[in-house]
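Participant: When I checked TrEMBL for this same protein, it listed these features:
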| type | residues | note |
| --- | --- | --- |
| BINDING | Cys419, Cys423, His455, Cys458 | Zn(2+) 1 binding site |
| BINDING | Cys446, His452, Cys478, His481 | Zn(2+) 2 binding site |
| COMPBIAS | 361-370 | compositional bias 'Polar residues' |
| DOMAIN | 414-491 | domain 'Recombination activating protein 2 PHD' |
| REGION | 359-379 | region 'Disordered' |
Amino acid sequence: MSLQMVTVSNNIALIQPGFSLMNFDGQVFFFGQKGWPKRSCPTGVFHFDVKHNNLKLKPAVFSKDSCYLPPLRYPATCTFKGGLESERQQYIIHGGKTPNNELSDKMYVMSVVCKNNKKVTFRCTEKDLVGDVPEARYGHSIDVVYSRGKSMGVVFGGRSYIPSAQRTTEKWNTVADCLPHVFLVDFEFGCSTSYILPELQDGLSFHVSIARNDTIYILGGHSLANNIRPANLYRIRVDLPLGSPAVNCTVLPGGISVSSAILTQTNNDEFVIVGGYQLENQKRMVCNIISFEDNKIEIREMETPDWTPDIKHSKIWFGSNMGNGTVFLGIPGDNKQAVSETYYFYMLKCAEDDVNEDQKTFTNSQTSTEDPGDSTPFEDSEEFCFSAEANSFNGDDEFDTYNEDDEEDESVTGYWITCCSTCDVDINTWVPFYSTELNKPAMIYCSHGDGHWVHAQCMDLAERTLIQLSEGSNKYYCNEHVKIARALQTPKQVPPLKRPPLKSLHKKGSGKILTPAKKSFLRRLFD
């Protein structure tokens with residue numbers, strides 16, 4: 001195992017706890033946190049370009065028929081073998097925290113539609129689910145099992161907000177364990193079915209999951225209800241006959257107590273567990289090898305890498321699997337220094353790049369990290385920024401066209417500001433006003449001049465209006481500048497029609513005097 005420090009050359013602020021990495025045929029893509037700050041472009045996906053221990057994030061390109069994919073923290077992701085050759089490898093994304101700090105219950109399918117030496121073009125589609133739809137959650141896992149020529153998705157674990165009836169201002173963001181149900185999802189028809197297995201008593205989040213053929217192994221995890229990390233190892237087997245699926249669970253010996261660990265595959269039958277926590281704010285520095293032989297699983301400790309002093313002394317760490325036996329790790333920067341990076345990053349290589357391509361699709365482990373609670377939250381303003389032209393991200397632009405200066409200056413566009421003379425948003429008394437906001441008030445961008453952010457609540461915007469403005473590319477003007485906007489949009493004045501001058505009611509030289517009746521007739525004629 002080798003550990004190398006990685007320098008991030010641009011957009012380092014995008015990489016924060018809760019991100020995910022996706023490996024498409026050797027090319028790694030970053031997903032989550034913040035995205036391109038333009039509402040008209042699918043956000044949150046960047047090419048993870050690492051050369052000579054230098055990382056550069058390059059915005060990904062999406063096809064025109066793609067749906068909007070919001071940045072999501074702590075989603076569940078896995079690979080899936082599609083039917084078409086052009087889409088033989090797909091990524092399934094489910095759940096996670098949305099930019100407004102809400103939890104998503106949506107399922108997205110990402111596939112590659114075009115690939116050349118310069119860029120990869122993705123297609124993202126939203127999958128509608130019916131039946132026993134898993135509730136919105138994060139910190140869970142999704143895997144794909146294959147049985148009798150069929151495939152099925154399996155969703156398990158995670159955390160969700162407490163029911164809305166129990167939520168108050170003081171505990172608005174309080175979360176609880178999801179019920180320990182196992183959901184089978186048919187990706188073709190979108191049907192979801194829930195199963196209750198007696199062996200699964202506790203809801204677990206931030207566990208490790210490994211899918212092999214028709215079997216899923218659940219290892220470790222954290223239970224909020226009991227505040228424990230049980231050393232359990234579950235084997236869930238799914239049989240897909242012509243009729244109803246059969247799901248059974250077996251408790252195996254030899255588990256380990258760990259949460260938020262990262263799993264990477266080193267060869268066809270071997271995996272490595274890196275990182276995680278064994279207690280609250282106590283990292284687990286031991287690495288483990290998980291090997292399979294004749295459908296038997298064995299977990300043993302392995303030689304740990306030469307951790308740096310910064311990693312050893314850090315209270316938290318996070319990361320994700322890059323594929324090919326490589327793990328990307330991050331730790332907080334040293335705040336004692338005058339000039340300090342927010343995070344420091346490392347690459348841990350556990351094996352050579354000799355993983356079989358077909359076997360990569362069976363590595364469906366959860367790679368999210370446990371929510372530290374004090375990580376930088378999403379910015380609501382990103383959901384309501386619509387100043388870019390819809391076609392500004394199409395065409396043949398290179399990845400390098402990303403300009404970090406486009407990111408909003410958070411020191412200027414903070415939430416707790418006086419946005420207008422009548423602003424009544426107070427950090428000490430603020431409570432949620434819209435259903436889309438939980439911990440910070442929604443803001444909307446006024447397009448007047450250089451632009452500025454205002455609180456949507458202070459502008460007396462209805463939530464429906466706020467959503468319509470955020471989804472479109474129309475310009476919005478706050479109460480102070482709306483009159484200016486109306487003046488700019490006022491149609492040009494059309495000059496009145498020229499009327500011929502009234503002829504003299506008395507013709508010169510005629511010697512005739514018009515009668516009153518003729519005068520009235522002429523007035524009506526020329527008027």
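Cβ from N, Cα, C; glycine included.
Curation does not apply to TrEMBL; its annotations are automatic.
Tell me about the surroundings of these features in the structure.
Facilitator: Cβ neighbours within 10 Å of Cys423 (Zn(2+) 1 binding site), excluding its own Cβ and spanning all shown chains: 14.
Packing around His481 (Zn(2+) 2 binding site) is summarised by its Cβ count: 17 other Cβ atoms lie within 10 angstroms of its Cβ, all protein chains included.
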Participant: Could you tally the C-beta atoms, other than its own, that fall within 10 angstroms of the C-beta of Cys419 (Zn(2+) 1 binding site)?
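Facilitator: The answer is 22.
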Participant: Under 8 Å Cβ to Cβ from His455 (Zn(2+) 1 binding site), same chain, six or more residues apart: give me those in sequence order, or none if nothing qualifies.
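Facilitator: Same-chain residues close to His455 (Zn(2+) 1 binding site) (Cβ under 8 Å, separated by 6 or more) are Cys419, Cys423, Val425, Pro441, Ala442, Met443, Ile444.
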Participant: So how many other Cβ atoms are close to His452 (Zn(2+) 2 binding site), meaning within 10 Å of its Cβ?
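Facilitator: Here the count is 18.
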Participant: Let me check the 10 A CB neighbour count of Cys478 (Zn(2+) 2 binding site). How many other CB atoms are there?
Facilitator: 22
Participant: Return the count of C-beta atoms lying within 10 angstroms of the C-beta of Cys446 (Zn(2+) 2 binding site), excluding that atom itself.
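Facilitator: So the number of other Cβ atoms within 10 Å of Cys446 (Zn(2+) 2 binding site) is 23.
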